[in-house]
Amino acid sequence: MAAAARAAAALLMLLALAAAGGVAADGSDHRYKAGGEAVPLYANKVGPFHNPSETYRYFDLPFCSPEKVKEKSEALGEVLNGDRLVDAPYKLDFRVDHDSKSVCSQKLTKEDVVKFRNAVAKDYYFQMYYDDLPLWGFIGKVEKGGKADPSEWKYYLYRHIIFDILFNNDRVIEINVHTDQSALVDLTEDKEVDVEFLYSVKWKETPTPFEKRMEKYSNSSNLPHHLEVHWFSIINSCVTVLLLTGFLATILMRVLKNDFVKYAHDEEAADDQEESGWKYIHGDVFRFPKNKSLFSAALGTGTQLFALTTFIFLLALVGVFYPYNRGALFTALVVIYALTSGIAGYIATSFYCQLEGTNWVCVLPYVRNLLLTGCLFCGPLFLTFCFLNTVAIAYSATAALPFGTICVIVLIWTLVTFPLLVLGGIAGKNSKTEFQAPCRTTKYPREIPPLPWYRQTVPQMAMAGFLPFSAIYIELYYIFASVWGHRIYTIYSILFIVFIILLIVTAFITVALTYFQLAAEDHEWWWRSFLCGGSTGFFVYGYCLYYYYARSDMSGFMQTSFFFGYMACICYAFFLMLGMVGFRAALFFVRHIYKSIKCE
């Protein structure tokens, strides 16, 4: 465990150094000499503008390419992000202007023309990196001429790219790219075309310091209009919290106070007076749930995901995930998830030991519980990845992970995740903590009285998930537009506040519903509290349907499968994490109220 802690500290230091921006991803220090020193320019990928997951290698289209394409070595996070950087065919030396310089002349075959035309019809864009600064441009345009029939449209390829670069002393500050609208290649007909690709470079000095060159990419998130919407989201969430806490303070606490007075009066009255309400089931409320191993595994996995989310927020708040820090988020997710697996093992096995009590002798249930904990989230994620990676391979997209990257991830799981999971399980088994129940559990459970339909599990989950979802749904649009679009999300402080509000609302609504369940003399609250707490994940997945069909322009089998496949995994992670929060809050509440009365 100490080694894991040292590895986590080293990870945090490395990511913090990366956040400082002092060293480029390729190892350079961003300083160049005027008069011709080469500045690294990499072509990354191309793809339909409205389908962020459907991207392809730059030279999958018949651009000017060298005989041997030189690929840039990439970190794990960059590969997971779908980046496939290669040397670009343009030479942009430091402070050297070019005017209509030829890249190459080539004859486009009929097949090449069809490829380019299909790409132009789908609004293909290209992405490059110049001195670690991203730049984008469209490869062509469609002229419809007011005609509705696509067969009458004109398709044109841009053959002249113009780079506008700003510098300050010996450093590159900003780069923009646009196309010469007069240099076009007609791709409308299926015939061979002779093309000469050109590029121009214009350098201009700017007073902007090097330390602020990334602010350009985050300014869109800080525009007054967007900030007003974000603050409206915060106010909406705070109002939800105030209403809920006010409800609990004025209604629930008053009812509890009346219950305490009533039960204290009943204790002074005749002993044969019949009990009712939540005190009536004091002998059953701490009866352990069914499927104890699964429940413990879900609790351990949810705790691990909560720890993972907390660490990610801490890194975001200190500035690690600045715009276009390629792959930093994915690297942090993989490494921190591996390092926090010991938390899942410890929580799952220690809680399972508490539920099993003196029956915890055989090692087989311990092993089964650990395996279930390790596979509860990784299993569905692995199956989803296998399917989606197969789809990406069929499309020859950059989202398909190379075999070497898959081996690295398997090694991380084998050499880090699983051993830490086992060590955490051993520590949890040896902790010898006992479940602290303030009431003695009877030998035989009481029969649960018939309940109306709105007190059943599914309606309760719907009520429990709606309020937390209403507190975050405004912010969800910006998150989706960043993950599944081309917006940049940088206001992590507001997102962290929304996350805290989400946890508070989830805990409060689960406590309230647990009280009403116990008041109806239904003592099977363990799984119910977990399901009610995690039900927000179902609402988020419902929002995925709305966002895909109403707020986005995504299309195609690959993009659809990637969106709904990976969002299902994310919503499942939300379910486990918030389910753990709901159960912990409900357990704290139930212990508190039963400690406050005389149950014997």
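Note: Cβ is positioned from N, Cα and C throughout, glycine not excepted.
Automated prediction, rather than curation, is the source of TrEMBL annotations.
The signal peptide annotation in TrEMBL covers 1-25. Marked as transmembrane segment by TrEMBL: 229-252, 297-322, 328-349, 370-395, 401-423, 461-480, 492-518, 530-550, 562-590.
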Does the structure show the transmembrane segment (530-550) and the transmembrane segment (461-480) touching, where I'm treating 3 or more Cβ pairs under 8 angstroms (sequence separation 6 or more) as a contact? yes
Report the listed stretch (297-322, 328-349, 370-395, 401-423, 461-480) having the maximum count of Cβ pairs within less than 8 Å of the transmembrane segment (562-590). 297-322
To the transmembrane segment (297-322), which of 328-349, 370-395, 401-423 is linked by the most Cβ pairs under 8 Å? 328-349
